[in-house]
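Student: First the structure, which I've put down as structure tokens, then a few questions once you've had a look.
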Amino acid sequence: MSDIGDWFRSIPAITRYWFAATVAVPLIGKLGIISPAYFFLWPEAFLYRFQIWRPFTATFYFPVGPGTGFLYLVNLYFLYQYSTRLEAGAFDGRPADYLFMLLFNWICIVITGLAMDMQLLMIPLIMSVLYVWAQLNRDLIVSFWFGTRFKACYLPWVILGFNYIIGGSVINELIGNLVGHLYFFLMFRYPMDLGGRNFLSTPQFLYRWLPSRRGGVSGFGVPPASMRRAADQNGGGGRHNWGQGFRLGDQ
């Protein structure tokens, strides 16, 4: 048990709380402590009955059962792996900036969910984070099932197809990829590559709540992966080795 505790405490703080909630809320629903009916994002209940908790619970809940358990575990792994890589990598020392990215993506996903009657938001938020990681490390070579290898920028779309095979739907993954692209475009591509204004800026109250541990620069300024490729490759990260021939989570 001490090994599990040490592993859990080693997870970056924001990812750790997100991971814990994504385990706890489905477990609460599975055990019947709270009816899962209260966890879904139902527009009528949220907008007209003022059940304001639903966007939060819909972000962490997933109906785990014989037909969905594998899909849940795969996406829980994606959450741990890529949220950890972002928080401890590109966002290292800047928890406020990382939390702002999650909040921006989450708000976009909630609005989309209300408009499209999407009742569960766990997969879209995870995929949006994975998409941002893939774009910041777009030229790294990742490995997938059966020894397939490709650039990281294609990983979100490969996973979209993979989740379609095991889950039968691509809407959640597609929404997550599009929201992740919106954040990446507004935060990086438009101001840095196209010379446009910066539309996204982390609010100062988040810096007061979660101060940067180094640098003290307001706003997130890590360049895209094309400028960081050598440093990242020297660090040895970025391999997605959990397919055939690799142990889950190997680097």
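Glycine is no exception: its Cβ is also placed from the backbone N, Cα and C atoms.
Checked Swiss-Prot, it gives:
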MOD_RES   S2  N-acetylserine
TOPO_DOM  2-15  topological domain 'Cytoplasmic'
TRANSMEM  16-31  transmembrane segment
TOPO_DOM  32-69  topological domain 'Lumenal'
TRANSMEM  70-89  transmembrane segment
TOPO_DOM  90-94  topological domain 'Cytoplasmic'
TRANSMEM  95-115  transmembrane segment
TOPO_DOM  116-122  topological domain 'Lumenal'
TRANSMEM  123-137  transmembrane segment
TOPO_DOM  138-154  topological domain 'Cytoplasmic'
TRANSMEM  155-166  transmembrane segment
TOPO_DOM  167-170  topological domain 'Lumenal'
TRANSMEM  171-189  transmembrane segment
TOPO_DOM  190-251  topological domain 'Cytoplasmic'
MOD_RES   S201  phosphoserine
MOD_RES   T202  phosphothreonine
MOD_RES   S226  phosphoserine
REGION    229-251  region 'Disordered'
MOTIF     241-248  motif 'SHP-box'
Student: For the C-alpha pair, I'd like the distance in angstrom between S2 (N-acetylserine) and S201 (phosphoserine), rounded off.
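Tutor: One finds 40 Å between the Cα atoms of these residues.
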Student: Which bits of the chain, at least 6 residues beyond where the topological domain 'Lumenal' (116-122) starts or stops, bring a Cβ under 8 A of a Cβ in it?
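Tutor: Answer is 22, 40-43, 55, 58-63, 75, 106, 109-110, 171-172, 175.
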Student: To which of the modified residues S2, S201 does the lowest count of other Cβ atoms within 10 Å belong?
Tutor: S2
Student: In three-state terms from DSSP, label T202 (phosphothreonine) for me.
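Tutor: Assignment for T202 (phosphothreonine) reads coil.
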Student: I need to check the long-range neighbours of the topological domain 'Cytoplasmic' (2-15): which residues 6 or more away from its ends have a CB within less than 8 Å of a CB in the stretch?
Tutor: 79-80, 83-84, 87-88, 95, 98-99, 102
Student: According to DSSP, does S2 (N-acetylserine) sit in a helix, a strand, or coil?
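Tutor: The three-state answer is helix.
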Student: Around T202 (phosphothreonine), how many other C-beta atoms are within 10 angstroms of its C-beta?
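Tutor: If we count other Cβ atoms within 10 Å of T202 (phosphothreonine), we arrive at 22.
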Student: Under the DSSP assignment, what numbers of helix, strand and coil residues are found in the topological domain 'Lumenal' (167-170)?
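Tutor: Grouping H, G, I as helix and E, B as strand yields 1 helix, 0 strand, 3 coil.
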